[in-house]
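Notes follow once the structure below has been shown.
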Amino acid sequence: MSGAAKRVVVGMSGGVDSSVTAWLLKQQGYEVIGLFMKNWEDDDDSEYCSTRQDWLDVVSVADLIGVDVEAVNFAAEYKDRVFADFLREYSAGRTPNPDVLCNAEIKFKAFLDHAMSLGAETIATGHYARVRQNAAGRFELLKALDHTKDQSYFLHRLNQAQLSRTLFPLGEIPKTRVREIAAEIGLPNAKKKDSTGICFIGERPFRDFLNRYLPTKPGPMKTPEGKVVGEHIGLAFYTLGQRKGIGLGGSRDGNGDAWYVARKDMANNTLYVVQGHDHPWLLTPVLNASDLSWVAGEPPAAGAAMAAKTRYRQSDAACTVQAVDADALSLGFAEPQWAVTPGQSAVLYDGDICLGGGIIQ
């Protein structure tokens, strides 16, 4: 890189992916500043909160690769912009994906704004995705070359301005190679396991966590025919397609097939369950989505043949855009989709290009 080095602020979590991201950019000649985000305040002494250790890992990595690092607290922004929505969605009977909103509102908004205040031209994260500028000058979000690790689904709510200032160095690299690089350069966290759980909240038991914030009320579990087969502990604790944890594994009711959560009747506090993976109540030929966001800069045309994901790691499903306007999207699938879940994101793709999407209704 000729001339003065370009300044890039890297979101460093203490994990392997963001650590290798910082090292790669340093090798490419960037002036790298590491930024550690603390976005959750409660239960810092909990066995499930690793914030202190994550920060120590960031400091150790930064010292090894020779970059400056600082910590910033976005807990207020997270609770206001992400967690409040998370609770509203669960209260309404939907199953939200907070990682999607966290990316749009925290990692690529609050974080980006802070990075710009530090004089950075771009930011970078350890996400597995790619960005390129097309001939028309628009920026495109693409799947990672390693499709098994692709995270473009979680990034579909970014806008063109955010995308234009973002680097994803790992988008061209297989995850196995990232681990190899970490070991080769002696990163102290080279063998650290990947994080899971709710964005920034960690891996604590979800039911216990949610129960602290939402009032719950037990109610009946019914079949589509109206037969009561059990009792649920609160509708917020269940999601469509759920098989484990519904308490009917040993039930003698029905035909012996596995039970699945099929619908929630919020008005009557009733959970509907069905037997069999391919029960008609679990299959959706057409979905509607709202709260649309188009990272591509514009929506697809009605009638366009696309592919869609209705959950992370799902294989692309062939679909047609039946209708689209500023507020609503309707998708028709070539094959009915299983357990399409209100609150999750429906994300559209044209090949490897992520166009955007909306919240399933």
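Yeah, the Cβs are placed from backbone N, Cα and C, and that goes for glycine too.
Taken from Swiss-Prot, the feature ATP binding site applies to G11, M12, S13, G14, G15, V16, D17, S18, M37, G126. Here the Cβ of S13 (ATP binding site) has 23 other Cβ atoms within 10 Å, regardless of which shown protein chain they belong to.
The disulfide bond annotation in Swiss-Prot covers C102-C199. Taken residue by residue with DSSP, C102 (disulfide bond) is part of a helix.
When other Cβ atoms within 10 Å of the Cβ of C102 (disulfide bond) are tallied across all protein chains shown, the result is 25. Per Swiss-Prot, active site, nucleophile is recorded for C102, and the stated evidence type is sequence analysis.
Per Swiss-Prot, the feature site 'Interaction with tRNA' maps to H127 (among others). The Cβ of H127 (site 'Interaction with tRNA') lies under 8 Å from the Cβ of D17, Q151, F154, L155, F168, L170, G171, each on the same chain and at least six residues away in sequence.
Per Swiss-Prot, the feature active site, cysteine persulfide intermediate maps to C199; the stated evidence is sequence analysis.
The site 'Interaction with tRNA' feature in Swiss-Prot is assigned to Q344 (among others). DSSP assigns Q344 (site 'Interaction with tRNA') to coil in the three-state reduction, placing it in neither a helix nor a strand. Taking the Cβ of Q344 (site 'Interaction with tRNA') as centre and 10 Å as the limit, one finds 25 other Cβ atoms among all the protein chains shown.
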Cα proximity to Q344 (site 'Interaction with tRNA'), best match among recorded positions G11, S13, G15, M37, C102:
C102
Reduced DSSP assignment, D17 (ATP binding site):
helix
Whole-number Å distance separating the Cα atoms of G15 (ATP binding site) and C102 (disulfide bond) is 18
Just to be sure I understand the packing, how many Cβ atoms besides its own are within 10 Å of the Cβ of D17 (ATP binding site)?
23
Separation of alpha carbons, C102 (disulfide bond) and M37 (ATP binding site) (Å):
12
